[in-house]
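J.: Below, the features straight out of TrEMBL:
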| type | residues | note |
| --- | --- | --- |
| DOMAIN | 15-398 | domain 'Major facilitator superfamily (MFS) profile' |
| TRANSMEM | 20-41 | transmembrane segment |
| TRANSMEM | 53-73 | transmembrane segment |
| TRANSMEM | 85-103 | transmembrane segment |
| TRANSMEM | 109-132 | transmembrane segment |
| TRANSMEM | 144-169 | transmembrane segment |
| TRANSMEM | 175-193 | transmembrane segment |
| TRANSMEM | 226-245 | transmembrane segment |
| TRANSMEM | 257-277 | transmembrane segment |
| TRANSMEM | 289-309 | transmembrane segment |
| TRANSMEM | 315-335 | transmembrane segment |
| TRANSMEM | 347-368 | transmembrane segment |
| TRANSMEM | 374-393 | transmembrane segment |
Amino acid sequence: MRDVRPGEIQKGSKEYTNIIIALFIAGFTIFSILYSVQPLIPAFSRHFHVNETWASIPLSIATLTLAIAMLFFGAISEVVGRKPIMFFSVISVSLLAIVQPFIDNFNVFLALRFIQGICLAGLPSIAMAYIGEEISEISLPQAMGTYISGNAFGGAFGRVFTGFIASLFGYKVGMIAVGVISLFAAVLFIFLLPSSRNFTKQRFHLGELLRSYGQHLRNPRLLKPFMLGFLLLGCNVAAFNYISFELESAPYHVHKGLISFIYLLFLLGMLSSMLNAKLRAKLGTLRALKLSLITLMVGIWITLLPFIIFKILGLAFTIYAFFSGHAIASAVVASRAEHHKAQPSSLYLLFYYIGSSVGGTLAGYFYGLIHWPGVALMITIFMVIGLVIAMTIRKSRDIR
């Protein structure tokens, strides 16, 4: 473990508290907006007259553009600083969320989600780099866990609140409401976040940037957690994109307003992220990682049982395991970033959100073939690949 630098912020200080509150709020803002469309996929299918796979594109296109744009925002933040980019991100996505519901043309709606995905990218990769720079290493796991908890809470709130309001007043009112709430949260974030202490500006050179990204991608100590992020979010989005279709259909026929409450399970992500440091301390990083992957796989198998209670129980297992695995992988990337700290975080989230786009869309194909068992099959394949990667990590000692 490296020595604590004079400017690093320790747990217990006022600055530490302000940082974790601000980034919790920022994660809430970004992910409530990103995932607010997930419970609305059946509504999009009906309103825009498209099939299930196309109805999932508003989520997939935003996560895809988010992933790609993070590569550039990470590099830009090395030049102009972390805070200006994060401020732009939280404000712009909130304003776009308020505008989108007024669009009735599906192609234009997708174009706005495309743009919103770019704006969404301004916070996640930079937030991880900001934490890695400003927080001492001993306090890093808990700080990262708290930030990810904000992501989980935002994702849960965006899904549940938007879905419930949409069931009462229509999806447009639901989207406007979550946009307004996120705008207020964004303003609070701006006032709370302290200025960077340990950030050093870099000159921008495209050739150097590409070489640096290439070095990170060739580093197996980073590439393997990148791949795990791809698989983990791909599984999570696959499950929750299509559970609404499953529960609305025979033999369940659950009302769409009630279905939105299943997204409360994402609150388990807060608990998982915050307890993850203790799990790693008790079992070790590798064992905790393997346990997360196995638990996610077992959880999706439980959902194949015929009663609704098993659907809920199984999804609870998958949520807890997903956030545990994500916290491990992201903390490993942050701690192993040796230079240009925003870049490994950007690459991790590039893989992570491409996994969302690929997993969410691919699951639509599997769902179209054999319905929910097809989604479970795809998730099982992803987790088996993840376990193979985890075993490779053990052999090469890439994770301590």
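Backbone N, Cα and C atoms are what each Cβ position is placed from, and that goes for glycine too.
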J.: Which residues of the chain, 6 or more past the ends of the transmembrane segment (315-335), have a CB below 8 A from one of its CBs?
T.: 128-129, 131-132, 137, 140-141, 144-145, 148, 152, 222, 225-226, 228-229, 232-233, 235-236, 239-240, 243, 262, 265-266, 268-273, 276, 279-280, 285, 288-289, 291-296, 298-300, 302-303, 341, 344-345, 348, 352, 379, 386, 399
J.: Looking at 85-103, 109-132, 347-368, 374-393, which one has the highest count of Cβ pairs under 8 angstroms to the transmembrane segment (226-245)?
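T.: Selected stretch: 347-368, with the most Cβ pairs under 8 Å.
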J.: Quick test of the contact rule: Cβ under 8 Å, at least six residues beyond the ends. What residues does that give for the transmembrane segment (175-193)?
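T.: Here the qualifying positions are 18-19, 21-23, 25-26, 28-29, 32-33, 36-37, 40, 83, 86-87, 90-91, 93-98, 100-101, 157-158, 161-162, 165-166.
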J.: What same-chain residues lie close to the transmembrane segment (374-393): Cβ under 8 Å, and 6 or more beyond its ends?
T.: 224, 227-228, 231-232, 234-235, 238-239, 242, 286, 289-290, 293-294, 296-297, 300-301, 303-304, 318, 325, 359, 362-363, 365-368, 399
J.: Pairs 6 or more apart in sequence, C-beta under 8 angstroms, 3 or more of them: is that satisfied by the transmembrane segment (20-41) and the transmembrane segment (144-169)?
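T.: These two stretches do touch.
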